[in-house]
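J.: Feature list, courtesy of TrEMBL:
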SITE      Arg15  site 'Transition state stabilizer'
SITE      Lys22  site 'Transition state stabilizer'
SITE      Arg154  site 'Positions MEP for the nucleophilic attack'
SITE      Lys210  site 'Positions MEP for the nucleophilic attack'
Amino acid sequence: MKYTVVIPAAGQGKRMKAGHNKQFLMLEDRPLIVHTVSVFEQDTWCERIIVVANEDETGPMNTLFEQWNFRKVDRIVTGGEERQDSVFEGLKKADGLDDAIVLVHDGARPFVTEDHIHELVLKASEQGAAVIGLRMKDTVKKVADGVVTETIERSSVWSVQTPQAFRFSVVYDAYRKAEEDHFRGTDDTSLVERMNVSVHIVEGGYDNIKLTTPEDMVVAKAILKKRRGKRQ
Ligand code: CTP
Ligand code: MG
């Protein structure tokens, strides 16, 4: 099963406090964005990678991708103000066939596995839209003015990550409609949900963290070490 992936990497990485975009932070021998792109470069199902970058970072990213001999990075597209704008720019360049599968995956999530990607792609091709999610480990409560108003039944709450996968026409129409309505969503599926399309959950792994704050770098190093140990 073939797919295209759009990788938004055009943020500022403010919460990481590195003084520059976190995509360039080194994790062992390579920058964060190289780890993430490598997953898709190596996945035989992935046909095409579209990376969304800040205008002044397209050059440095291109150099990196050449250094690492990536063959599938088809385009580096300039991003926008918010993640949603960046993803939309990437999707415009994906210009896929209506029923082609397109994935959106954060540049800041280097640990997604091929098994989860494949499960997600199969689900999206059957159902139109699918997202990687995790069951909550903690009990979740609703709170108003600092006081608990409700305990939400744990089995009904999931946290969702990326990748999120869609039939191209489903996600592209949702992004166009969101722009028309000036709707701002927190993730890609929230745009699709408002089009009354059912989004299916594929259970992911706890390793698939987004590197957001400096503490996450410690966890990232531990995950890499664990994986390296398994390969030896
Ligand atoms: N992103 C993007 N374009 C934006 C904002 C974010 O492509 N205008 C990308 C980021 O590069 C990242 C992903 O979306 O890969 C998830 O966003 P987040 O983790 O919030 O990264 P940043 O926005 O870079 O970090 P921060 O919010 O701390 O500034
Ligand atoms: Mg952000």
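Cβ coordinates come from backbone N, Cα and C, glycine included.
Caution: TrEMBL annotation is automatic and unverified by curators.
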J.: Non-local Cβ contacts of Arg15 (site 'Transition state stabilizer') (under 8 Å, 6 or more apart, same chain)?
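T.: The list for Arg15 (site 'Transition state stabilizer') reads Thr212, Thr213, given in order along the sequence.
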J.: Give me the CA-CA distance between Lys210 (site 'Positions MEP for the nucleophilic attack') and Arg154 (site 'Positions MEP for the nucleophilic attack'), in Å, as a whole number.
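T.: Arg154 (site 'Positions MEP for the nucleophilic attack') has its Cα 23 Å from the Cα of Lys210 (site 'Positions MEP for the nucleophilic attack').
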J.: Enumerate same-chain residues with a sequence separation of six or more from Lys22 (site 'Transition state stabilizer') and a Cβ-Cβ distance below 8 A; give 'none' if the list is empty.
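T.: Long-range Cβ contacts: Gly11, Gly13, Met16, Leu32, Ala108, Leu211.
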J.: Can you count the other CB atoms that lie within 10 A of the CB of Arg154 (site 'Positions MEP for the nucleophilic attack')?
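T.: The answer is 13.
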J.: Would you count the other C-beta atoms found within 10 angstroms of the C-beta of Lys210 (site 'Positions MEP for the nucleophilic attack') for me?
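T.: The answer is 14.
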J.: Check the recorded sites Arg15, Arg154, Lys210 for any whose Cβ is under 6 angstroms from an atom of ligand 1, and report them in sequence order.
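T.: Those recorded sites that pass the cut-off, since their Cβ is under 6 Å from ligand 1, are Arg15, Lys210.
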